[in-house]
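Chemist: Okay, handing you the structure first.
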Amino acid sequence: MTNPRCPGALPEGQNSPQVCPYGLYAEQLSGSAFTCPRPANKRSWLYRILPSVKHKPFIAAPCGDLTENWNEVEPDPNQLRWLPFSIPTPTKKKVDFATGLHTICGAGDAKSRNGIDFLFTISRCVFVSVVPQQGEILITTEFGKMLVEPNEICVIQQGMRFSVDVFGATRGYILEVYGAHFELPDLGPIGGNGLANPRDFQCPVAWYEDRHVAAGYTIINKYQGKLFACQQDFSPFNVVAWHGNYTPYKYNLTNFMVINCVAFDHADPSIFTVLTAKSTRPGVAIADFVIFPPRWGVADRTFRPPYYHRNCMSEFMGLIKGHYEAKEEGFQPGGASLHSIMTPHGPDVDCFEKNSRAELKPERVAEGTMAFMFESSFSMAVTKWGLQTCQTLDKNYYQCWEDLCSHFDPSWKPSKQ
């Protein structure tokens with residue numbers, strides 16, 4: 001990828017010539033160990049006006065509600081749901097990316113690079129998110145720019161510098177994975193096509209600015225769970241050309257090719273997996289990103305909404321827009337829910353009663369809706385901010401199941417049809 005203002009900026013036939021075209025510096029960004037197998041080897045070469053090593057020393061910066069202290073409050077095994085997180089009003093002080101981050105829950109350890117955390121971000125100044133929920137965002141990275149709107153996701157890889165502009169009140173969800181990379185799930189018997197297709201992922205085109213500012217640029221670095229800041233007098237977005245496979249990217253969720261049951265019963269929600277970050281155990285993910293997009297429901301003799309469930313995985317859900325089919329009331333866009341490992345969950349009483357009697361004809365499901373789930377093999381610890389400080393925890397969530405009643409009939413006989 002070469003910026004059209006500097007044709008020929010990519011060296012021909014080699015990565016690190018003695019003198020790069022246009023007097024640029026060659027810098028490699030490695031996202032994997034040098035000796036990883038070729039399919040898993042992640043790296044890119046950047047050709048930039050000044051290298052990233054030129055900066056003042058890092059110093060500790062305030063972390064606000066960003067934390068990896070998973071023991072600050074007692075564990076809570078209950079079903080948890082949050083009402084929409086509030087956005088700062090224009091009359092209040094602007095909130096930038098760092099101060100707008102709020103850790104809801106997580107597990108693992110950043111030092112050993114084994115774990116994840118779920119964050120929510122609310123901002124009126126700068127902001128980044130894997131899943132924007134309200135407001136489009138313009139992300140500037142070392143690799144170029146990406147405009148990301150609600151119903152799109154973006155992935156920014158470890159070590160990449162970025163800033164984000166917003167155009168009004170903005171809110172969204174973030175999943176941080178400490179060690180593994182997201183990749184497309186294996187398709188198995190589905191074959192070569194389906195779910196999220198590689199052709200629909202978009203990487204930025206090289207863009208640069210040759211700019212110096214006397215007051216300096218502030219680079220904020222998240223390192224071992226803490227924030228640090230340093231200063232430099234030139235723009236970090238000075239990459240004139242790049243090539244490689246370790247890049248930021250975005251994906252429009254409307255491009256997802258849905259696979260669904262066409263006979264009876266449910267396929268498991270893994271058929272809605274967009275991206276997965278694999279663990280070392282085959283078939284077990286550190287994190288899956290799963291969506292529940294608009295689709296046809298045609299299953300016969302079947303209770304069509306999601307089934308009642310206890311899971312060996314943690315399920316963190318968010319709603320970008322619309323109404324989630326299993327809980328049309330209470331679960332709102334900009335809110336979230338967490339069903340921890342082996343915590344029972346499933347349709348509320350209204351959903352169960354309605355769909356137990358519904359006429360089973362072909363119907364559109366989740367029209368105008370986009371819900372998603374971060375599913376993880378880690379047991380999530382909820383932070384003090386998530387349980388107390390945010391003040392959006394719905395303490396009446398359990399009541400959506402309270403009116404479920406027994407339909408057991410010991411005199412029931414099978415139909416003679």
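Each Cβ is built from the backbone N, Cα and C atoms, and glycine gets one as well.
Note that the structure is a prediction, hence the values are computed from the model and not measured.
As annotated in TrEMBL:
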DOMAIN    4-253  domain 'Homogentisate 1,2-dioxygenase N-terminal'
DOMAIN    255-408  domain 'Homogentisate 1,2-dioxygenase C-terminal'
ACT_SITE  H266  active site, proton acceptor
BINDING   H309, E315, H345  Fe cation binding site
BINDING   Y324, H345  homogentisate binding site
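How buried are these features, and what lies next to them?
Modeler: If you draw a 10 Å sphere around the CB of H266 (active site, proton acceptor), it holds 15 other CB atoms from the protein chains shown.
Residues within less than 8 Å, Cβ to Cβ, of Y324 (homogentisate binding site) and separated from it by at least 6 positions along the same chain comprise F292, M317, F331, A366, T369, A371.
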Chemist: Quick check for the class: what is the C-alpha distance, in angstrom and rounded, between H345 (Fe cation binding site) and H266 (active site, proton acceptor)?
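Modeler: H345 (Fe cation binding site) and H266 (active site, proton acceptor) have their Cα atoms 16 Å apart.
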Chemist: On a simple 10 Å Cβ count over all chains shown, which one of the binding-site residues H309, H345 is most densely packed?
Modeler: H345
Chemist: Are there any residues in the same chain, six or more apart in sequence, whose C-beta is under 8 angstroms from the C-beta of E315 (Fe cation binding site), and if so which?
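Modeler: Expected: S337, L338, H339, H345, M373, F374, E375.
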